[in-house]
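S.K.: Quick one: this structure, given as structure tokens, is what I'll be asking you about.
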Amino acid sequence: MGDSDWLCVFTGGDVCITGHDSGPVFEEQPSSVVYPEGLSEGKVTLNCQARASPAATYSWRVNGTDVPVGDPRYTLVAGNLVISGPQFGRDGGSYQCLAINRCGTILSRAANLKFGYLNDFPGEGRSPQTAYEGAGAFLACQPPAHYPVLSYRWFVSEFPSFMKPDGGRWFVSQVTGNLYLAKAEPNDTASYFCFTTINMDISTKSTFSKANQLTVQPDGTGLSSAPAITVVPDPFSCKPRPSIRWLRNGQPLSTQVYTHTHADTHIHTHIHTYIHTYNPLSPIISPFLYLSIHRSLYLSNHLSLPLSLNPFLSISPIISPSLYRSIHPSLYLSHYLSLPLSLNPSLALSQDRVEVNGGRLKVINLALEDSGMYQCVAENKHGTIYSNAELRVQVQVPDFRSNPVRRLVPAARGGQVMMECRPRAAPKPTLFWSRGTELLTNSSRVTVTPDGMLRIHNISRADEGKYTCFAENYLGKANSTGHLSVRDATKITLAPSNADINQGENVTLQCHASHDPTMDLTFTWALNGALLDLEDPGGPYHRKETVGDLLIVSGHLSQAGIYSCTAQTVVDSASASAKLVVRGPPGPPGGLVVKNVAATSVELRWSRGYDNHSPIGKYVIMGHSPLSPGWKRMRTDPSNIEGNAESIRVVGLLPWMDYEFQVIASNILGSGEPSMSSHTIRTQQAAPTVAPSGLGGGGGDRNELIITWTPMAREYQNGDGFGYILAFRKQNSPTWVVERVSNVESSRYVYSNQSLSPYCLFEVKIKAYNRKGEGPFSQIAVVHSAEEEPTVAPSRINATALTAFEMQVSWDPIQHLSTNGILQGYEIRYWRQHEREASADRVRTAGLETTARVVGLRPSTRYHVTVMAYNSAGTGPASPRTTVTTRRPPPNRPPGNVSWKTDGSWVTVRWDHVKTLDNESAVLGYKVSGVCLKHKSHENIIVIKQIIVHQGGKDTHSITQQIIVHQGGKDTHSITQQIIVHQGGKDTHSITQQIIVHQGGKDTHSITQQIIVHQGGKDTHSITQQIIVHQGGKDTHSITQQIIVHQGGKDTHSITQQIIVHQGGKDTHSITQQIIVHQGGKDTHSITQQIIVHQGGKDTHSITQQIIVHQGGKDTHSIT
């Protein structure tokens, strides 16, 4: 018969089915609630949920009486009780939930519903209090009536300036609310308010007191010593031992006499339940329920019933294994025990069968009707808590089906074997063993234990065979058989040997074994008893496939120890061990302390660490300060620290600096881990040893001397009370003026004196000081006093209109002696004739320039212009004003009737002239842009971003950036960012940057960033940076960054970054980064970054970054 065949009966005749049903176990119990008094619209929910099979039903009690669930104010939702509109005086009390099913009843812990409130502080003011400096004081909170407990805080002067911890001087008692002050200070004088808060489950309420005025008076009132207040938090009332009581199915254990006797049977069965309860604050019942069973059994028949005990706990339910015991056989059962008789549920445990000793419940003469739900209730002043267990009583005939004897038991020859016999039975059966027909008894090699264990020692082949275990109680008998098979023993044939390696080396530990060939052999390795993982391919341990050898890769110090090899089969094992020594760098030194702290040195002491089997050779000291990002090696005396040293002096430290230290030991195998860091120490103070740097100054307002320097870094201050001492004097004066600056962060000092002359030369020096003394002075620096505005105005002002929108202003400079400082430049002020000078626009020059261009002017407008010098103090007096009138503006109308015509490689563009108005300037030329023409492959012009200008019907062409020109099949010109000019079929060419020119097959010119001008095949002019010129086979010239001009073989000129061209031998021109070409020899022009070409000698034009071409005095074209 299995467990499912047995039934138990309790609670009114309803059946609790073993293996199917279970008694209630709380999953959620009600918790106490504090509800705001006077809140009538809310609800309170008390939770109660239990796990049970079948499902539990619920009822509630308040103050020991049933809750009227029919009242509309009470609602039962599942097991939860919902109270609508709780009222003080009506609904307050202790609530408990009952969970009930046919296996039993359990009672929840008590949950209190209480009503919280917090009254206001009294309205009358509080008496001021006085404390003396350095003494203790306290301010009473005197909280108003309230429930439950309050939390207390204090704020100062005004809400919400709550008090914060101040080195432990303040303490607020959370029992009385009083504010304690351990050491009063003058700045503690203020108004203090006690702020109280009450926390309820669904709301929070706060209020605060009237002001508590505290005045702290200075010490010196005649008190020899002020009393001190020691602030100690209120201690808890610890360890109230809880009272213990027991419930069965929700009811207290009855003291009624309960007897159940049988003439032929006497049973003494004890169940002991141990519940450990201890907590200083509230009774906590251990979630583990330990049950022990003691029995004495006397039977005159063969009827017995099993007992199983299954505790269920409220916190963590744990079902113990079934424990089988006999009970009084007064219950008649059918053959299969499937229909048990009903018992009277009113039967209670009698006083003589129940013993309660604190948290221990003892039941004697256990009976079926003792089954049910048991609860231990522990109570003290902090609360109540419940713990549950379910007791079931059963009986069973011996049965091996769930745990038979092993069918095949292998064993090694010479070893030992144990065979278990554990049938299920209640009461406990009698067990014995046999081999064949031979009943086994205890001998020198065979032992049968009382619990049915068979042990055989020093096994031989003769012990093979079948072994049977028999179990019997008064309900019946059962047996189970297993076969013992004897195998060859496992032996180690090659044991591992001791090894000694250096850290990082590999080592192999050998291990071979012999075994019974019918069984598998496995090898395992352990280090100091801990099994090693040999399956991790990335790990340090690897085992060979066919044998048990262990390979240790890159041995580490932590891998030293005793290695044990175990060869194992299913029946036995054999082991052998070896010691592995790993030598490596030393371990970290210990016990590092700092002694004898001076300004620049300390003494360190330590104890030796492990040498890891290699003697320590030396030590190094590492240090760390707030100024260094990491650890660095420190200087020591002596510099080399021997391996047997345990102290050293560290030198070269900075005074008044925080340091931590570490010690690192090393040997021939390397450096070890550093010691633990020492505690932080601060070196002693010392006078500064260096002077501040960056001494300078100057500037400022009138009659001021400003001195500046770089503030001293923390590492050079050497102590507190740090500041600076300044000394300064007029140059060649014998007396120094000395000033102190006490702020360490200061970097500037201003000395004011009405007698100071402007821009007067001073000698200054600086040194640092602290509480320990003064440092050295710095080198003397020269500083000027503040400048004043220049006193002289520029002279000979000249203003010239350049265009309608700009003019050029020039002047004679002033003498530096009149500037009262460093002349920074000149300021030009200009305004229109009808405006006031105060509204003038301004333009400043930088440096000593005496000319300036003013742009953004209005056309045909008369301007007044004046110039003044300026320095850092301001501007000087203005020069006499001059006047200038800007030119008329250019026409603002485009040409009309624009048309064009192509002819071979030429494009002719025509338009109507623009007639100028009286207020406009004359038309000098026209600009055509955005033209791209393509023709036959032999005659074409490709133009990108170009300007082509026709003036007078002849041809002048200016092309920029990229030009390829074919001229009648005779000439080839390749120019990049160049200018090419054709004049009347003759050749005049001005090319920049890259030019290759072929002229009628006679001339070859290669120029980079150059200008070449051909005039009728006779002349070659102007080459910059790199020039090779061939002229009719007669002349060859190579010039870098120069200009060479040949004019009929008469003139040669060399100019750096310039171009000079003579045509006819009459003129010489010098231009920087310019090109000038004269044709006829009459004109001389100087242009910057320009190109000028004269054709006929009559016209000269100067254009910046432009090209001007003159043709016989008739045409003038300006192209940018």
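Backbone N, Cα and C atoms are what each Cβ position is placed from, and that goes for glycine too.
According to TrEMBL, the protein carries these features:
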DOMAIN    24-114  domain 'Ig-like'
DOMAIN    122-209  domain 'Ig-like'
DOMAIN    398-485  domain 'Ig-like'
DOMAIN    490-581  domain 'Ig-like'
DOMAIN    588-686  domain 'Fibronectin type-III'
DOMAIN    691-788  domain 'Fibronectin type-III'
DOMAIN    793-889  domain 'Fibronectin type-III'
REGION    872-901  region 'Disordered'
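I'm curious about the neighbourhood of these features; can you describe it?
M.R.: The DSSP breakdown of the domain 'Ig-like' (24-114), given as helix, strand and coil counts, is 0 helix, 52 strand, 39 coil.
Broken down by DSSP into helix, strand and coil, the domain 'Ig-like' (398-485) contains 3 helix, 46 strand, 39 coil.
Per DSSP, the secondary structure of the domain 'Ig-like' (490-581) breaks down as 3 helix, 45 strand, 44 coil.
When averaged over the domain 'Fibronectin type-III' (588-686), pLDDT in the model lands at 95.
Sequence-remote contacts of a segment are chain residues at least 6 beyond its ends whose Cβ falls under 8 Å from one of its Cβ atoms, and for the region 'Disordered' (872-901) they are 699, 702, 758, 786-795, 797-807, 811, 814, 818-822, 824, 827, 829, 833, 857-866, 907-914, 916-917, 919-921, 923, 926.
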S.K.: Determine which recorded stretch among 24-114, 122-209, 588-686 has the most C-beta pairs below 8 angstroms with the domain 'Ig-like' (490-581).
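M.R.: Between the candidates 24-114, 122-209, 588-686, the best contact partner of the domain 'Ig-like' (490-581) is 588-686.
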S.K.: Would you list the DSSP helix, strand and coil counts for the residues of the region 'Disordered' (872-901)?
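M.R.: The composition, in the requested order, is 0 helix, 12 strand, 18 coil.
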